[in-house]
Amino acid sequence: MGSAAQPEPKLASNATNDFVTPQKTRNTKFAFSCALIASMASILLGYDIGVMSGASLFIKDDLKINDTQVEILMGILNLYSLVGSIAAGYTSDWIGRRYTLVFAASIFFTGALLMGFATNYAFLMVGRFIAGVGVGYALMIAPVYTTEISPASSRGFLASFPEVFINFGILLGYVSNFAFSHLSEHLGWRLMLGIGAIPSVFLAASVLAMPESPRWLVMQGRLGDAMRVLSKTSDTPEEAELRLRDIKEAAGIPESSTGEIVAVPKRRHGAEGVWKELLISPTKSVRRIVIAAVGIHFFQQASGIDSVVLYSPRVFEKAGIKNKNALLGTTVAVGFTKTLFILVATFLLDRMGRRPLLLVGTGGMVLSLACLGFGLTIIDNHHGDHQLAWAIGVCIVSILAYVAFFSIGPGPITWVYSSEIYPLKLRAQGASLCVAVNRVTSGVITMTFISLYKAITIGWSFFLYAGVAAVAWLFFFTFLPETRGRTLEDMEVLFVTRYKGSSAQKNQVELVKNENA
């Protein structure tokens, strides 16, 4: 088995249809470990989403706040995270991806402690602001680092880890709700929020054992350090050399430059040139990349996932479940289902590709949201003394199906896809833009959900989300090319050739490995 010869890399025959065939991983345990640690940053957002869904029930009673204040409390963290996500683009290019992760963990640690010790609504909102900045940092940098450290053969699998940890964090938040719900009203929600500081401590300590992103090292001219990292995170030495050559080309470093440390082309500091290339005067391929990346992030949130996750106790209450312990127990089932199916998706991303999972997942979301809207409408219009058990069952099954389809489609693929399609010099700021769109959309959705269902009924709220998901399916089908197996430096060519023929196939390399090796 180990003696089988490796075939030589060969040129792709067609720039539009061919892609780098995913390889069997051989020497990627180190890349796996790095991706795992970096992705732990996503627990911070997941835990906050999950824990606030239940904690809000007790905060409302303890602090005597109204529904509008609850809406703001639930959704405002998404808007606060904009500060972190935008700043992270600068920070990650300045001090590196690794130390940006440490910074994110430190900020969230401070915010979680402040929320845990909050004595009133204003104090709680200060903690939400600081925690939100940390979440914004983590959301931007975790997918970028994971994508840049991963070889093409397993990039989809490894780059889906941030979404895995978001789901794991949500599940932990739900479990925390259930575990502390039996304590006094005054103490329980404070422990639920304050204990969220613990994951950030483990994250900050673990990140120090990771190497820096090879692409960031090349951007600093540290070719020797970059090659050592690539050698540990590539399937073969040949692939490591190929990745280094492609990154050097993307960074504007001549191929003849081979020293440990080399001079890099002087770039304008900050985002002046980057934002101009992204938004003001982009090339055709960059424009398509920006539309694709921003679009997938917008539709991920506009289809209502955070309303379901954050307000699941209220949704189940509307469906007919009244007991608080039963409500929180049912939300644990939602978190478990969401986590289970995200694990399924991680193993399919590099086998089936991004598009099939995205289309199947989004299609399933449309159907499950429509069924949920139907069940809630029936319950809303029922005025008898007895509950409609079948309608309650439809609602519960529909919610579980919805989070399952989300977790095999838009959930992981949004982060994988958007982090891998940007060119190297635009990646940090491009990721910041995507996180900003993601969090603004989520903030608007979560801060208006209660008002929305009071205005048009809760059933029609989910019919509305189903309509948005249907539009999302059409966008994904018509605009997003498959990226499975492509090298990161190949994406600009892909987004040109997906819509227009190009002679650039000579620049593409198909890394094919012997299946029997």
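Note: Cβ is positioned from N, Cα and C throughout, glycine not excepted.
Where the annotation comes from TrEMBL, it is an automatic prediction and has not been curated.
Copied over from TrEMBL, here are the features:
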TRANSMEM  30-52  transmembrane segment
DOMAIN    34-484  domain 'Major facilitator superfamily (MFS) profile'
TRANSMEM  72-92  transmembrane segment
TRANSMEM  99-119  transmembrane segment
TRANSMEM  125-145  transmembrane segment
TRANSMEM  157-175  transmembrane segment
TRANSMEM  187-210  transmembrane segment
TRANSMEM  289-311  transmembrane segment
TRANSMEM  326-349  transmembrane segment
TRANSMEM  356-376  transmembrane segment
TRANSMEM  388-409  transmembrane segment
TRANSMEM  430-452  transmembrane segment
TRANSMEM  458-480  transmembrane segment
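Residues 45, 48, 52, 56, 59, 65, 100, 103-104, 107, 121, 124-125, 128-129, 131-141, 144, 216, 270-271, 306, 310-311, 428-429, 431-432, 435-436, 439-440, 442-448 of the same chain lie 6+ residues outside the transmembrane segment (72-92) yet bring a C-beta within less than 8 angstroms of a C-beta in it.
Using a Cβ-Cβ cut-off under 8 Å and counting only residues 6 or more beyond its ends in the same chain, the transmembrane segment (157-175) has close neighbours at 31-32, 35-36, 38-54, 139, 142-143, 146-147, 149-150, 192, 196, 199, 309, 328, 331-332, 334-336, 338-339, 342-343, 345-347, 349-350, 407, 411-416, 419-420. Away from its own ends, the transmembrane segment (458-480) comes close to residues 288, 291-292, 295-296, 299, 302-304, 307, 315, 318, 354-355, 358-359, 362-363, 365-366, 369-370, 372-378, 380, 410, 417, 449, 452 of its chain (Cβ-Cβ under 8 Å, at least six residues beyond either end). Within its own chain, the transmembrane segment (430-452) is flanked in space by residues 67-68, 70-72, 74-79, 81-82, 85-86, 88-89, 136, 139-141, 143-144, 278-279, 289-290, 293-294, 297-298, 300-302, 304, 306-307, 310-311, 314, 414, 418-419, 422, 461, 464, which lie at least six positions past its ends and keep a Cβ under 8 Å from the stretch.
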